[in-house]
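Everything below concerns the one structure shown next.
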Amino acid sequence: MADPPGCCRPCATCLLCLYSCQWITAKEKRKGLRTTKCDCSWFLFLFCVFLFTLVWLYFAIIILNDFHNFNEFIFKQRKLWLDWSLVLLIATAVLITYSAVLLVLALCLQLCGQPLKLHWLHKTLLILTALVVAAAFTGLGIKWAEEWRSARISLQATGPFLHVGIVGGMTLLAWPLATFIYRTRSTGLKVFLLLVYCAVMIALYLAPLGIASPCIMEENQLPPKPALVGHRGAPMLAPENTLMSLHKAVDCDVQVFETDVMVSADGVPFLMHDEELTRTTNVQAVFPERAALNSTTFNWTDLQQLDAGSWFLERRPFPTVQSLSAGDRYQVTKQRIPSLEQALEAAKQSNISIMFDLRPENHSDYQSFVNATLEVILQSGIPLQQVLWLPDGFREQVKQQAPGIQQVYGRKRLQNEKEPLLHVNLPYQDMSSEEIRQYRQDNISVNLYVVNQPWLFSVLWCSGVSSVTTNACQVLKEMKHPIWLLPSSTYLMIWIVVDCASFLAILWAFLLLK
């Protein structure tokens with residue numbers, strides 16, 4: 001049997017060499033080397049592994065929004081700072097590239113009429129690829145379960161485009177499928193493959209019936225752009241929880257500076273997120289014997305000796321650090337741990353609000369922390385409506401002593417709420433688009449955190465959220481419009497055109513190859 005038209009013998013031989021790791025010539029193929037049922041099973045396994053890694057790639061891109069939290073978690077556990085998102089993306093790219101290359105080789109061999117003899121080494125590597133991806137999904141489900149909810153939210157941003165892409169990919173499969181069906185002699189296998197393919201395509205053609213996105217709306221229905229809340233300031237542009245970070249956040253047009261407050265051993269409230277000082281200061285160099293102690297065990301004089309900026313240049317927690325100007329780099333090295341009094345003064349001068357947590361909540365002296373914090377706020381002269389109070393502990397006491405402070409709750413409203421909630425602060429995974437719309441209708445301000453990626457900001461914008469807490473204020477500031485906005489009539493037209501074009505292409509493939 002001669003090689004099929006359009007597939008030269010050297011090309012077919014090279015494809016066989018790469019796929020089978022053997023130099024099998026077309027002449028040897030004619031001696032009886034054929035694709036067996038086992039070979040077909042391995043091709044099916046290859047296809048499934050490719051889809052598996054493709055789904056993981058999608059998840060990897062989605063979880064980049066929250067990956068800084070993972071980097072911080074690893075540092076707390078191992079005292080090792082590394083941008084693990086690069087490791088994740090590189091490993092994922094290697095796995096999906098390998099499986100994609102093998103899949104393309106197999107499809108080319110099928111079109112050339114050559115046998116699919118996958119080498120044992122490729123089989124072993126494919127099994128390892130499947131195990132690695134399965135382990136990644138398992139670890140995600142156990143240690144980072146909220147990311148499954150992030151994936152569901154992402155479908156609101158990507159659903160319409162994934163539908164078009166998958167329909168296109170499945171349409172292209174019509175060519176190798178038709179080639180295989182016309183060449184195989186097994187009637188049962190032909191019928192089975194055709195039924196499966198038709199069922200999948202029908203499901204894809206009807207998939208938009210189940211796709212819901214808040215960004216499928218008319219232009220005049222788009223809610224106002226959410227306000228920006230700087231997460232510990234502008235941590236991509238300056239060391240977190242420093243005065244430089246606050247000023248950079250002001251330059252990004254944020255309306256609220258979100259931070260974390262602790263109280264020193266001598267009663268001075270200061271800005272710090274971690275219970276230990278090791279990640280964001282040089283405490284290991286200045287006080288090596290006390291480095292592992294809680295931040296609240298240090299007095300204010302000791303805290304003022306620490307460098308709270310140089311770590312930012314050394315560890316580069318975000319890629320944006322590399323683009324800092326020489327002046328900014330110099331300013332970074334001069335940063336110290338700011339007191340709450342200094343932060344309030346800067347917020348007052350910049351006319352922005354300040355929202356904070358008071359840590360650690362389980363401390364035995366927490367009430368004295370609340371008292372010290374309230375005292376500083378009342379003495380600072382900042383308008384109390386610019387202070388947003390997050391801590392739940394001793395909230396009633398705060399209401400009595402400083403009724404002008406805005407109370408922000410880290411929970412949803414209850415059915416039998418004694419007094420109406422005016423502000424809620426929740427993870428973005430905890431509220432659906434429908435809940436956001438309902439809260440908006442009831443004049444409840446909803447702030448969701450932490451939102452860094454434009455796709456996520458777009459979904460929440462279309463949903464009508466009041467504000468978002470972000471690390472990437474410099475990116476979201478520049479967004480004048482959601483990434484995409486489609487009227488329902490336009491989306492319906494796209495759906496019909498894509499489905500019709502796909503159906504005609506599949507019909508043409510089967511008629512042409514016959």
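Even glycines carry a Cβ here, placed using N, Cα and C.
From a predicted model like this one, the values you see are computed outputs, not experimental measurements.
Listed in TrEMBL for this protein:
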TRANSMEM  40-64  transmembrane segment
TRANSMEM  84-112  transmembrane segment
TRANSMEM  124-142  transmembrane segment
TRANSMEM  162-182  transmembrane segment
TRANSMEM  191-211  transmembrane segment
DOMAIN    226-480  domain 'GP-PDE'
TRANSMEM  492-513  transmembrane segment
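Distant neighbours of the transmembrane segment (40-64): 70, 85, 88-89, 92-93, 95-96, 99-100, 102-103, 106, 116, 118, 123, 126, 129-130, 133-134, 136-137, 140, 144, 147, 150-151, 154, 453; these residues of the same chain sit at least 6 beyond its ends, with a Cβ under 8 Å from one of its Cβ atoms. At the 8 Å Cβ threshold, with sequence separation of at least 6, the transmembrane segment (84-112) lacks contact with the transmembrane segment (492-513), having fewer than 3 such pairs. Per-stretch counts of Cβ pairs under 8 Å to the transmembrane segment (162-182) identify 492-513 as the leading one among 124-142, 191-211, 492-513.
Away from its own ends, the transmembrane segment (191-211) comes close to residues 155, 159-160, 163, 166-167, 170, 173-174, 177, 180-181, 491, 495, 499, 502-503, 506 of its chain (Cβ-Cβ under 8 Å, at least six residues beyond either end).
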